[in-house]
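A.B. asks: Below is a structure I'd like to ask you about.
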Amino acid sequence: MSKDEGAEVVLRLDRISKSFGALKANDAVSLALRRGEVVALLGENGAGKTTLMNILFGHYMADEGGVEVFGQPLPPGNPRAALAAGVGMVHQHFTLAGNLTVLENIRLGTERLWARRHPDSRGKVERLSRDFGLAVHPDAKVGRLSVGERQRVEILKALYRDARILILDEPTAVLTPQESDALFATLRKATALGLSVIFISHKLHEVMAIADRCIVLRHGRVVGEVDTHATDKGRLAALMVGGELSLPRAEARAPGPVLMQLDGVTTPDRGAVPGLKRLTLALRAGQITGLAGVSGNGQAALAEVIAGLALPSAGTLTVHGAPVTDWSPRAALAKGVGRIPEDRHHQGSIGDFDLTENAVLEAYRSRFSRRGWMNWRAARAFAQEIIASYDVRCPGPETRIRLLSGGNMQKLILGRAMASGPDIILANQPVRGLDVGAIAYVQSQLIAARDRGAAVLLISEDLDEIMGLSDVIHVISQGRLSPGFARGSMSAADLGLWMAGQKFEGADAA
Amino acid sequence: MRLEAIANPSAARRLGLPALAIAATMLVAMLLALIAGANPLAVLGQIAKGALGSKLAILETLNRATPLIFTGLAVAVAFRARLWNIGAEAQLYAGAIIAVVLGTGALGGPLVLPLSALAAMLAGAALLLGPVLLKTRLGVDEVVTTLLLNFIMLLLVGYLLEGPMKDPMGMGWPKSTPLIPEARLPRIVDGLRLHWGFALAIIAAVAVWVIQTRTTLGFEIRAVGQNPEAARFAGMPVNAVLVKTALLSGGLAALAGWSEVAGLKGHLSSDLSPGFGYTGIIVAMLALLHPLGVVVTAIFVAGIFVGSDAMSRAAGVPTYIADMLMATALLCMVLAILLTRVRVVRG
Amino acid sequence: MSEIIDILISASFWAAVIRIASPLILATMGELICERAGVLNLGIEGIMVIGAFAGWMAVYQGMPLWGGVAVAMGAGMLFGLLHSTLTVPFGLSQHVVGLGVTLLATSSASFAYRLMLPEVTSPPKIAPFQPLHIPGLSDLPWLGAALSQTALTWAAFAMAGGVAFTLYRTPLGLAVRAVGENPAAVEAQGLSVTGLRMGAVIVGSGLMAVGGAFLTLSAFSSFFFEMVNGRGWICIALVVFGAWRPGKAVLGAILFAAFDALQIRLQQTPLGAALPYQLFLALPFILSILALILMSRRAEVPAALMVPYNKGER
């Protein structure tokens, strides 16, 4: 799939540099995009991909370097100029207003604020939907749309403004493999019509599938630029990570007794997010149970039940053979449930508290106080112990935790969860947003816990992570749970059909 | 422009900016004096002299500071948990009412004072309980409900002073029957016009400080204020913590009214508080919500008010200059505190 | 009971309702604009005070009545500028800044009043807006009396219509609704979050100040320190009660004004004489709390209300 080398260069980034404090997010990054081509920007989390695109789009201003679109220099720090020049961006976190309709979201900002007459926006949106295969109803409230539909709205927003260059930031993170294929089809239609695409990803197989060329970023620097047809996944991975670091893979083991059992567990729907639908799941000792699924399909509800934040509205939860009635985070902790929350910043830690205070958040009553008086000396010693044994890089236990990197923050949370020797572990997206080194560390700790005989529930949207670590895999879709699949018994494509919900209809009918 | 967090702000930044905020307030004071046609430096001098220039002035300032320490603590405790108690004014009057109810003969003997103080705290706590339960149960914003309660409470006080509590010897002044001597707070030193309420306020500040730094409740209050979601996840009973915070906060605010009646005035009137409840917010914010800092800022704020009264009589600049300065100080200080933590960058 | 019915069918009662509702409608629309854009403006109480004072003082100094309205609006916008500068680009606590602005505006009015009228014991009166005579309409029985209102009242209702039209029928309104829901959506479409929010707060504050000026220029004819007396806080409750929609908020204001007008009249009845008058005066505040409780479960709060937006926050 080689493109004409001589095609017009539509976008040129020239030696872009950008620092945040001491962190050099982009270091003299250059890039050229030609008409009708898909260039992948590949790199692990924190490599500087999103920063680079935010500079291009005008959300940030570069410290050095310039951007040219269709030969014209783009004024920095001005999203409006980027939009006018034909650059459209689909952000990783959608930028849609949920209280507005699809059409309103698309029209937003395209007309003069005092305009009296409106162009025929509906006709244009309908035509674009048809041409690019982006089905979505223009009058639907965005707040009620599925994630896949919202992404279509985002792409329509860019196309509606006649974007000639599309930037997609991790667009498949929220899609099923099948939805991703549909997205790729849309992108191929776009390039056939002469649009150019920058595709940001850290997933190698996607890059190989869609991109013509691939630019690899590491620590803010371009470390390689290759034609995808002239390389393979292994070489790209080596470029991306820059070393031989490989992720741990768990070997199969014989499972022990059931430590936690959910029977017919149901929780109420929350707006567009489905609750659990008569879900039955057993977590066994010495086993990692992987939960795959597209985000927003009930993972949060399940995690809340296990973490003690919510009681099922129907069904039973049995821990160590006894059904629980009085269920709260404290009760869960008392029953030996260790919890790694999905969101480190909002659930897992208190940013302006120091490491000592964060370390004792869960056990301050049981272990670090007496009759209501805190024992700060013991608390500090405990924090130091976690810092030492979990390799938390920090100036000391009195550092405020928000100054730590994501990886070090996660290590402290991990250490806190593991300190009481839990035999049931909820790991909700434990490595999201971490660099490869921290990912390997966290995953090896989960495997070690399993080997000690703990029952681990691993919730992740990253299918590779689930397939690499889990002894048994369940898929969640619309609050329903698939049967458990033994390690290696299913391909990614098979799991994808479950994730899309198609297999459930068959199972329900049977 | 964009705000960028500073990892480790320098000492110059942490101390210099708040000092700059105070300086800016001074500048505004001089500007206002100029507008009023007075000599700016003389006005500043007269405020300082009025607040600290004599033993009498200092005692007046400390007396004025007493209710402000209590309301400042009430606000500091509540704001620390992100509980926006703007109803200290109403809670203050609740405490004052109790001081009158129990101090005009209903109780006698040496236990009047402790019992009425306790009852006053309970009344103030109860008054804040409603808005807090509405917040935790129904999600009703406590700012508006506590504000509205202030108005309702003032009307209640007006009714009581014209009806059940009316002083028959009041000669038409709307004030309550006076307290019996056993229900009055004695002076700390004979002959000096400073009552035990001031000492009690300082004790309260130390107690709040100990609670915040040394107890599990204090840890919970701070955690809930900083990040309720993480606190809930970690197993803290967030709503119960908010309720406890409210009880503490309402109780402290009530002591302000109680000590004004039992210590200073000896009776209740509808002008008992010239907005001590609202000024408590300024006191607490200037102290960065630190309980011991509240003592310092309360005395500072009281000094500005007392000094401005004196200055106004001498220089003819309206006494409302004090309120303007306090509002200015508040806004400058919150901006200064922000800028110790972030810097403004382009793009 | 028959007394209440007599009151409810009298034209003078409804004339009072509309009159009492007018300042509430103006200030509630102002607050609604701010909150729709994502900023809670607790400066409302003080901004109403400064509006009442500035408008009155301008007219007292010889300006025409509409000039007074303009001066009030300008004063309100100035405090709106202060509020929005601190809460929007700097993202400071909207609670604290709002209370600070209320305090500053209120004390500025008191300070200026004392400065300009150092000796007076009772504030001087001005010649306020007079009820408009509208040919045809004013001659109708009952309706003519009920609609015997000043130009400022008509303006208040027209303004509410204008706010509703702007919010729901113009690209500007679309942007304001979006910025209160998800500022990132607005920024990604090339609009300025800071500009929209600051603009909303400044314009909204201007309307609040005109609401205050209504009290001095149309309802009463002079300025008293306590004249706003919690109306600003009531307007905040009205925004919630109206579920952040202009039409419902206007209905809420009218309903509220009806209760207020009713309590004034009930005080004159034998029943009212038997009860303490403070109870009647407290009714508006009690009603506001009840309204908040009633709406607590149903309202669609703008998702980004009170959430500051820092461009490119990571």
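Count begins at 1; order follows the chain as displayed.
Placed from the backbone N, Cα and C atoms, the Cβ positions cover glycine too.
Pasting the feature list from TrEMBL:
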type     : residues  : note
TRANSMEM : B:20-45   : transmembrane segment
TRANSMEM : B:65-83   : transmembrane segment
TRANSMEM : B:90-109  : transmembrane segment
TRANSMEM : B:115-134 : transmembrane segment
TRANSMEM : B:143-161 : transmembrane segment
TRANSMEM : B:194-212 : transmembrane segment
TRANSMEM : B:233-258 : transmembrane segment
TRANSMEM : B:278-307 : transmembrane segment
TRANSMEM : B:319-339 : transmembrane segment
A.B. asks: Checking distant contacts: for the transmembrane segment (B:65-83), what same-chain residues at least six beyond its ends satisfy Cβ-Cβ under 8 A?
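C.D. replies: Beyond its ends, the transmembrane segment (B:65-83) has Cβ neighbours at 89, 91-92, 124, 132, 135, 142, 195, 197-198, 201-202, 204-205, 208, 212, 221-222, 224-225, 228, 241-242, 245-246, 248-253, 255-257, 259-260, 263-264, 273, 276-277, 279-281, 283-285, 287, 289-291, 294-295, 297-299, 301-303.
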A.B. asks: Have the transmembrane segment (B:143-161) and the transmembrane segment (B:194-212) got at least three CB pairs under 8 Å, pairs 6 or more apart in sequence?
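C.D. replies: These two segments do not touch.
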A.B. asks: What stretch, picked from B:90-109, B:115-134, B:233-258, B:319-339, has the most CB pairs under 8 A with the transmembrane segment (B:20-45)?
C.D. replies: B:319-339
A.B. asks: Within the same chain, where does the transmembrane segment (B:278-307) have neighbours whose Cβ lies under 8 angstroms from its own Cβ atoms, ignoring anything closer than 6 residues to its ends? I mean 6 or more beyond.
C.D. replies: 46-52, 57, 60-62, 64-65, 68-77, 79-80, 86, 88-89, 201-202, 205-206, 208-209, 212, 253, 256, 322, 325-327, 329-330, 333-334, 337
